Amino acid sequence: MATAANTVTAAGAPKDGAPPAPAKTLSGIVKQVLSGDTLVIRATKGAPPPEKQITFSHVLAPKLARRPGAGGDETKDEPWAWESREFLRKKLIGVEVTFTFDKPANSNREYGFVWIGKDKETGENVVESIVREGLVSVRREGRPTPEQQTLIELEDQARAAGRGKWSHNVNAVDKVRNIKWAHENPAHIVDIYGGKPVKAIIEHVRDGSTVRAFLLPDFHYITLMISGIRCPGVKLDADGKPDLSVKVPFADEARYYVETRLLQRDVEIRLESVNNSNFIGSILYPKGNIAESLLREGLAKCVDWSMAVMKTGADKLRAAERIAKEKRLRQWQDYQAKTPAFNSKEKDFGGTVIEVFNGDAINVRLFNGHVKKVFFSSIRPPRDQRAVVGTDGEEIVKAPPRGKNYRPLYEIPHMFDAREFLRKKLINKKVTCNLDYISPPRENFPEKYCYTVLIGGQNVAEAMVAKGLATCVRYRQDDDQRSSAYDQLIAAEQQAIKGLKGLHAKKDNATLRVNDLTVDHSRIKVQYLPSWQRALRSEAIVEFVASGSRLRIFVPKDSCLVTFLLAGISCPRSSRPALNGVPAQEGEPFGDEALTFTRERVLQREVSVHIDTTDKAGSAVIGWLWTDSGANLSVALVEEGLAEVHFSAGKSEYYRLLKSAEDRAKAAKKNIWVNYVEQVEPEEKVVVEEEKDEKVVVERKVNYENVIVTEITETLTFFAQSVENGPKLETLMSKLHADFQGNPPIAGSYTPKRGDLVAAQFTFDNQWYRAKVERIQGSNATVLYIDYGNKETLPTNRLAALPPAFSSEKPYATEYALALVALPADNEDKEEALRAFSEDVLNHKVQLNVELKVAGAPNLATLHDPTTKVDFGKQLVAEGLVLAEKRRERKLKDLVDQYRAAQEAALAAHLAIWKYGDITQDDTPEFR
């Protein structure tokens with residue numbers, strides 16, 4: 001290496017005639033080996049202690065290479081120079097030694113002998129040892145002293161034995177290193193090692209956080225800045241040279257600390273980045289990462305910019321620095337914590353996300369029902385590009401104000417993308433919030449509680465930054481008010497910048513063009529309403545809930561924002577706060593409850609809507625809305641007693657559902673019906689209506705539909721799919737399977753409830769299908785696969801929220817009851833009947849005719865063979881497997897008679913259940 005040893009000329013004992021100076025004996029610790037014949041020995045006391053350079057008497061070692069610019073031109077090793085230096089380094093570094101020295105009158109160096117240990121009488125003579133190994137030459141001029149004569153004899157023995165440089169079997173060229181002093185492309189060297197630890201020797205310590213080292217075995221000579229930290233260093237003068245007259249607190253102590261642990265020690269270096277021609281990396285020594293040790297002792301401080309390049313261990317550096325701060329060690333002796341104390345309720349909690357704000361905050365409903373606003377720590381959402389931003393990320397000049405209809409969510413590039421990322425990932429999901437700091441109030445904004453938010457163990461802020469949907473806040477180095485995962489955020493941002501993601505993309509960031517129909521009403525009827533009316537259902541996102549029945553929705557397909565009114569109901573008005581000079585308004589009874597009910601079910605959720613018309617002013621649309629679980633929101637509000645049926649619902653297909661829901665709410669005296677008293681209609685009117693119904697004569701209609709029976713239940717109902725809808729079902733299933741394969745749900749992130757429309761992973765093939773939750777039992781749920789009719793009980797972690805795009809279509813399997821028949825009471829007879837029915841129709845293409853529609857129950861239907869036209873129900877009766885049911889509907893009279901005749905024939909022939917006679921004699925009258 002390039003040290004003072006490289007300029008040493010041949011040295012030894014004083015020449016004849018010069019009076020020898022008296023030799024002094026001292027002890028110390030070997031700090032550094034400059035060459036095969038020169039050591040630096042430090043005292044055992046002091047921090048840093050005094051040092052002395054000792055050159056061995058009577059010997060001369062091969063010269064080590066000198067790097068260019070180090071006081072001269074580049075030179076190469078003399079053969080065996082490295083081996084002689086290494087012999088001493090491995091034997092002596094950090095070892096206590098005893099040494100004698102004297103300084104000849106005509107020399108600037110001090111020469112002497114060195115013994116290992118405290119006693120030179122019993123310790124190993126190091127000079128004799130290196131001569132014995134054949135790694136140095138003994139000076140032979142002049143009259144030899146006794147010590148010199150001993151060295152000459154040892155050299156002769158080494159020559160005779162062919163040791164070291166006296167070997168005859170080793171080519172001297174092979175003992176010369178090929179040192180790479182400079183690197184044209186340092187980043188390429190980093191890539192070669194790929195972040196893996198590489199063996200190295202520390203050759204020089206410039207300051208506590210900067211060293212020079214050889215990377216082995218290729219002898220790359222590098223200047224290394226230790227990742228993640230900075231130690232106090234020497235001040236530079238106006239010419240950029242070290243100014244030793246200025247003492248920097250703790251600079252010498254930090255350098256000494258590193259020297260005693262790393263200088264000329266075997267270490268491992270993990271290269272992580274470059275800074276100009278210097279490398280950045282971590283140094284691992286037997287006791288761990290030297291950066292952690294320096295931080296723990298208060299001799300270094302964390303540095304954000306280099307910590308961002310660390311592959312691992314940044315959190316350990318922060319923890320080590322916190323220890324030094326708490327103990328007020330060295331650089332932190334005057335440290336005062338700026339982070340206020342938090343109570344346990346504020347610090348950590350869990351809850352369900354119910355609302356997402358514009359990319360930097362969420363509302364979380366705690367398990368006790370309270371709602372808390374949570375800001376993400378240390379990140380900034382996309383911002384107005386007209387603002388002038390400084391290098392630290394702070395706005396130097398704020399963007400000029402916009403008009404009153406300005407909507408930052410849509411007009412700031414990537415703001416909508418950030419909000420959508422959070423909405424899809426978090427809404428109605430359980431999260432854990434860990435408080436990092438409280439940002440003080442400023443510019444008329446209140447204080448902000450800033451948290452690290454985790455979902456399924458993943459840091460949400462880090463995920464946003466990694467996608468380029470947020471940036472990291474830059475802090476002063478001594479500012480502790482930051483995220484506990486700040487280093488991971490910085491690393492994620494660097495990866496996003498490197499990948500040109502989101503905000504960091506080179507292309508212009510275009511705003512989202514939105515047609516705001518809440519302001520421009522003129523285009524609703526002319527441009528959009530006709531297509532919305534034709535659509536069976538449209539997908540939308542609920543952006544705002546003004547009251548129980550008034551919402552603002554965003555329709556992605558048309559990029560429209562429109563006010564939406566729930567059809568068929570009248571909802572009590574909610575209270576309104578004072579705003580822009582308008583006084584506060586009190587709400588109607590249960591208006592706020594209706595508002596809360598609607599917000600909890602649809603705010604920022606993906607929903608399906610069918611739009612019927614507009615209000616009188618043409619400023620809002622009126623229609624029906626289905627939640628992400630498939631519930632009709634109008635019906636749900638009425639069922640809960642938070643709305644009443646409006647007269648306009650009379651012509652709607654949902655009128656019966658609404659009236660039934662309202663009747664149930666009245667009967668239960670829910671909310672607005674709490675004081676409801678049922679009015680009894682005059683009996684005469686009922687009689688008239690009944691007489692009127694009696695006069696209606698309905699003929700039996702035959703309208704065969706080709707179906708496939710997919711499931712048969714133990715009560716003789718069955719599920720059937722229309723053959724005509726088969727291609728549509730296959731397309732739906734293909735899209736559903738592809739969607740879940742591309743975006744698999746997080747196991748356990750969804751909590752199902754009874755009645756939910758969900759996606760369920762079928763046990764047989766592990767594919768996802770649409771299903772309805774019928775029952776929850778602990779960690780298991782019983783579901784009905786609505787497109788096939790089969791049921792299954794499976795763990796709730798195999799259920800997931802069904803994307804709204806798949807919830808709008810009606811079930812493809814419809815349940816029917818086999819008309820005009822009933823199962824026998826005996827269990828064995830039931831099993832035989834079900835077996836026979838399954839053999840006839842299950843998974844077969846048959847013809848179905850609905851004979852009677854039944855409110856609140858499966859419709860009664862008959863099944864027929866498409867070729868022979870055989871009625872499978874009547875055939876079961878004729879074979880004596882089931883009983884014929886006697887019904888009194890006039891339109892079914894002829895069909896009932898046929899079934900009864902078939903039953904009489906089976907009874908006469910004593911078939912199956914009639915084997916021992918008439919089993920209906922003691923049964924209910926309807927079977928007689």
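Heads up, the Cβ atoms here are built off N, Cα and C, so glycines get one too.
What TrEMBL annotates here:
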COMPBIAS  1-16  compositional bias 'Low complexity'
DOMAIN    24-168  domain 'TNase-like'
DOMAIN    196-334  domain 'TNase-like'
DOMAIN    347-506  domain 'TNase-like'
DOMAIN    536-675  domain 'TNase-like'
DOMAIN    751-809  domain 'Tudor'
REGION    1-24  region 'Disordered'
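Counted with DSSP, the domain 'TNase-like' (196-334) comes out as 40 helix, 50 strand, 49 coil. In the domain 'TNase-like' (536-675), the DSSP tally of helix, strand and coil residues is 41 helix, 45 strand, 54 coil. Note: the domain 'TNase-like' (24-168) comprises 38 helix, 43 strand, 64 coil (DSSP; helix = H, G, I, strand = E, B). Per DSSP, the secondary structure of the domain 'Tudor' (751-809) breaks down as 6 helix, 29 strand, 24 coil.
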